[in-house]
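Asker: Please find one structure pasted underneath; my questions will follow.
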Amino acid sequence: MASATAAAGAGASPVRLRPFKRVAVVGGTHGNETTGVYALRRFQKHPELLARDGIDVEYCLANPKAVREVRRFVDDDLNRQYSMARLRDDSLESYESVRAKLIEQRFGPKDSDRPHADFLVDMHTTTSRMGITMIFESQGVDPAALYVAKEVRRMLAGRTSAPVFILFADLERDGIPHTPSIARSGVAIEVGPVAQGLLRSDACEWMEQAALAVMDAIARLNTGEATASEAEAVPVFQNSRVKVPCPAGEDGSPLAVFHERLQDGDYRPLRKGDPIFRGLDGEVIEYDGRLGDTVFPVFVNEAAYYLPESGLGFALCHHATLPLPPIVTAEDGAARLSLPVPPADDAEAVAAAIEASDPWEAAKAAAATA
Amino acid sequence: MAIQRVRPFRRAAVVFATHGNELAGPFVAMQLEEQDRFAEVAPSMECSCVEANPEAHEQRVRFVDVDLNRQFSAEVLASPASPEEPREIALAKALDKALGPKSSASPAQDLVIDLHTTTSNMGMTLVVQDMDSVSIGACAAVKEELGADGIPTRILWERTTREESPYLFSLGRHGVLVEVGPIATGIVEAGVVADMREATERLLEFFQRLNDHGEAARAAEAEGREAPPPVWGGGPVEVYEDLGIKVAPPQPLEDDVAMPMFHAELQDQDWVPLRVGQGLFELPCGEVITYKGEHGDDVVPIFVNEAGYQNASSGVGFGLARKTVVDTLPVVVEFERS
């Protein structure tokens, strides 16, 4: 999806942020998302890949024990430990709650305006067909993260066999439980579909392409020129965090499968009455319209979301167009900014555009001719 | 003409969660039970569903200590029990008592169907072992039926005796392993579940037909009529013989990453003959390991990028198979004469 330029009300006057001089690159937050571990080790062995003028890159293997055991986590999902409440709770004893505190000490503190890391990139994979999804979560719109995400999409267009999506969530910052929230700003790169515990060369390529593009984008943010970026209106999917759990037994065993029409249907319109699951008997369970008549599903058939610890079910999104002002970086700039979140776009209009052109087909075709 | 005469199939076990993170098997077993399918497809058989590795299933891991589906050779089953023995070995011995014993020609289960999934692009694969006309004939017949139903199917033949076989499906008098892929671990998927269920029902139906034919033949004999032709008339069956060779990149690979990077030219190319020069693995330093032709030009890769194949217990690397033809005898069920 191409970004519209300079839409009305995009806020043409630049915002000022402090430069992003220290970047944390994290892999293995989930121990069975092997692509992220592989990418991390590759970047560490070949530092020239992520090196950019004026930027210090630090690397972190977040969950070494889970990585060794090729499991998502040992005791608790590490990517649910970074809320302020959990970070400041000294009574927590699980392996991951201890790891989270160590990582926050290294790259945070989360509640400081001068954390050690200016920007944090957390590398993940999913069994869902989410292509290259740039995830950012902030209280209001974080223009730095939005800039990085939209730049990755722009830079990779036509150069990668997976489509790039932006997945945004507007969340109260203290409550965000995910790794990027401990730095001033950050994104997660979520690549899929790929099974856990193995390496697919295409998924590894997507991860690497996205990480390199993130570094290019951060470097551009740091040039400090007012014309570093023009005002833009950036189309994104906004994660409502409303989840639709798959029917399951008391022991967590699935009692239904994702309906074949929803399977692999991330980012495709889901309308009230559309099938979402098939029960044991083959009976169809429909989307009940809980977030609106037309929504966009993500994390469809993600293995982790069969587990209560990670949050059950697939998630529903609206579509939104976020105004991105030009960004100037200077030492007297803000640590981070929180720009207003506009109302959701008309879902049916967006749905029609998506149905007219399959982003996966477009990406494959463009990559094939590149 | 030689005929394989077998006793009726009275008891069949559908086994699932042999690997605890392969969730399609448990789902299909639940469906078969809840919808009372056994009474429908195999009315003269006593069918049960058996959860092989409950602890691994609960933890959603392939295994807890060692790969359960490598612990069923006669040698391992006969090893002395000890408190330090890996959980899956103790479990294998218990399963042998419950479904076998393997050492008996009349084990508790006449038929064992073991349900598995793989992350490899292998489609529907029916795995059989030994020179067993019964299971090979069953798979040949079911392969035809599934093919006609739009589920292309291959038969993978393990050249191992029942006694030597390390696989759970060797516990019964006859056995088949149903392997469906590609699917990630830890999820169920509509197509995989439907195909796995279809294959399981067709297999049970085949054995029911063997029983039915045995009844019909006995009745015909009593009435002095000619028996109807056997359900499986024997003959050559096209299979892929598992060569028992694992192809892996040089170890160790990379800190923290036990799985090799399968080359893009090999990824998803299960069953497609290897070509000299084809990329197999990419090493972290960028070096590409290619196929040199050392196994011939008629070998196919199997279990390409199977997530479970990254430890010594399960075996590391992808497998090799070669298309061949196995000769089978006609199979007839014979009831004891009264």
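Positions of Cβ are set from backbone N, Cα and C atoms, glycine also.
Heads up, TrEMBL stuff is auto-annotated, nobody curated it.
Okay, so TrEMBL annotates it like this:
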DOMAIN    B:10-206  domain 'Succinylglutamate desuccinylase/Aspartoacylase catalytic'
BINDING   B:H19, B:E22, B:H116  Zn(2+) binding site
ACT_SITE  B:E179  active site, proton donor/acceptor
DOMAIN    B:259-310  domain 'AstE/AspA barrel-sandwich hybrid'
Asker: Going by DSSP, is B:H19 (Zn(2+) binding site) part of a helix, a strand, or coil?
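Answerer: Its secondary structure by DSSP: coil.
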Asker: Determine how many residues of the domain 'AstE/AspA barrel-sandwich hybrid' (B:259-310) DSSP places in helix, in strand and in coil.
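Answerer: In the domain 'AstE/AspA barrel-sandwich hybrid' (B:259-310), the DSSP-based counts are 0 helix, 14 strand, 38 coil.
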Asker: Any idea what the Cα distance is from B:H116 (Zn(2+) binding site) over to the residue listed as 'active site, proton donor/acceptor', rounded to a whole Å?
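Answerer: Counting only the Cα atoms, the answer is 5 Å.
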Asker: Summarise the model confidence on the domain 'Succinylglutamate desuccinylase/Aspartoacylase catalytic' (B:10-206) as a single mean pLDDT, whole number.
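Answerer: Averaging the confidence scores along the domain 'Succinylglutamate desuccinylase/Aspartoacylase catalytic' (B:10-206) gives 97.
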Asker: Let me know how many other Cβ atoms fall within 10 Å of the Cβ of the residue listed as 'active site, proton donor/acceptor'.
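Answerer: The Cβ of the residue listed as 'active site, proton donor/acceptor' has 25 Cβ neighbours within 10 Å.
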Asker: In the same chain, which residues outside the set B:H19, B:E22, B:H116 have their CB within 8 A of the centroid of the CB atoms that define the Zn(2+) site?
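Answerer: For the Zn(2+) site the neighbour list reads B:A17, B:T18, B:N21, B:G25, B:R62, B:N69, B:L115, B:T117, B:T118, B:G308.
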Asker: Rounded to the nearest angstrom, how far is the Cα of B:E179 (active site, proton donor/acceptor) from the Cα of B:H19 (Zn(2+) binding site)?
Answerer: 12
Asker: For B:E179 (active site, proton donor/acceptor), what is the secondary structure by DSSP, using just helix, strand and coil?
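Answerer: The three-state answer is strand.
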